[in-house]
């Protein structure tokens, strides 16, 4: 009787050990669990060895249990007598397959593209994870709109329905899109995010592709010392000199020196503004003493010296053959270089230094900003401002006309304002207003897309690319250690150059998503026939 009980208990222990090992093998995919001592012989010998092993384990606590021993198997795999197919493919793998392009296999992916790819994958992962963890939260449309950067797709409707549909098909009981019919662990909304087609990623480099030293580049908010010509030549005012840098050949030429020959350089003779003529053949130079000089870059010769201002000229703007100058003496002069007069029109409307001047693309209106926090709009045929915008609370230097919308003007305020404001000069209305949390120094529109770039000073010294009218930040570029006071756009509209008090010029490829502008010429345009 005792022998039978001992034999039954041994058999039960043997069966329990076998079930435990089988359970562990079925639940583990990457390692196998195996007893340290291999079983040999018949079942009674194995039961006897197992029972003796269990008794030794109870007596000695340092003996390792055979069930917890792990053996790495790289070549051996478990085989089963059943195969359960997966009814639906893995949506994550499907999404990865959709992202594979033949072109990406052939070419080497740059570091910039790899960073953008990682950011995109991270956004998609967070969207899918949020939808899977909170399936009852109604954020599907917002997630899809954020991922695809477009409005959600509308439900297809029949052209001639027999009756007006009251509910969407996806809410019907027999809809194949119900989560109860899917064997995927992800809800239908998450699968739709993964399998939806993606727009090609836009890669904006956050590093300048060229950096030039600019010694004696003044750290003055009210000056405009950098301008890029239509002939792809950059004009820079450094101290008392004007230098020309060719973007095609990287050649630097010293155009002029405002200091008198044989005398020491004086800060009163510094260059305070530069602006290219639209043809790119002449450049206007504003000085700290007041005169405005016109230089022929081909001959490196001064052709005009126009007086009138009694203090420094910090802003210049061309309108065909007329150059407008704004000074610290609060006056604005229109000067036609084809007539011998010093100026043709005198504008008086500001009470402090004029630091911003821009003509609209049509050449019919002039926008002027001043240190008196005013933004004035002038008609080309009048000396009285047609609009006065008094919303800014700091100096208005940053001014930019939109090339896409007629009469749309953007302006930025100084350190006490920090806002970018939009105006309609057709109706005289104030449009949107956005707080940038930093001093706005310059503004420029893209010619290829409805985007706006701004440079900032106190206190982050960054360059920001905005999408208008949503004012979504597409890129934030950092690198300057001082206020980014100067900005100009390349003639092809693809690149920008920024200058700061750290005495560097940095070139950024920021407007790279649009088609290049095609120059239209006609035989009836007499301007193309003049040489």
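Sequential numbering from 1, following the chain as shown.
Each Cβ is built from the backbone N, Cα and C atoms, and glycine gets one as well.
As given in TrEMBL:
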| type | residues | note |
| --- | --- | --- |
| COMPBIAS | 37-66 | compositional bias 'Polar residues' |
| REGION | 37-67 | region 'Disordered' |
| REGION | 75-94 | region 'Disordered' |
| DOMAIN | 212-508 | domain 'CDC20/Fizzy WD40' |
| REPEAT | 264-305 | repeat 'WD' |
| REPEAT | 347-379 | repeat 'WD' |
| REPEAT | 477-510 | repeat 'WD' |
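Across the range of the repeat 'WD' (264-305), the DSSP-based residue counts are 3 helix, 22 strand, 17 coil. Residue counts for the repeat 'WD' (347-379) under DSSP (helix as H, G, I; strand as E, B; rest coil) come to 0 helix, 19 strand, 14 coil.
Residue counts for the repeat 'WD' (477-510) under DSSP, split into helix (H, G, I), strand (E, B) and coil, are 0 helix, 20 strand, 14 coil. Taken together, the residues of the repeat 'WD' (347-379) have an average pLDDT of 95.
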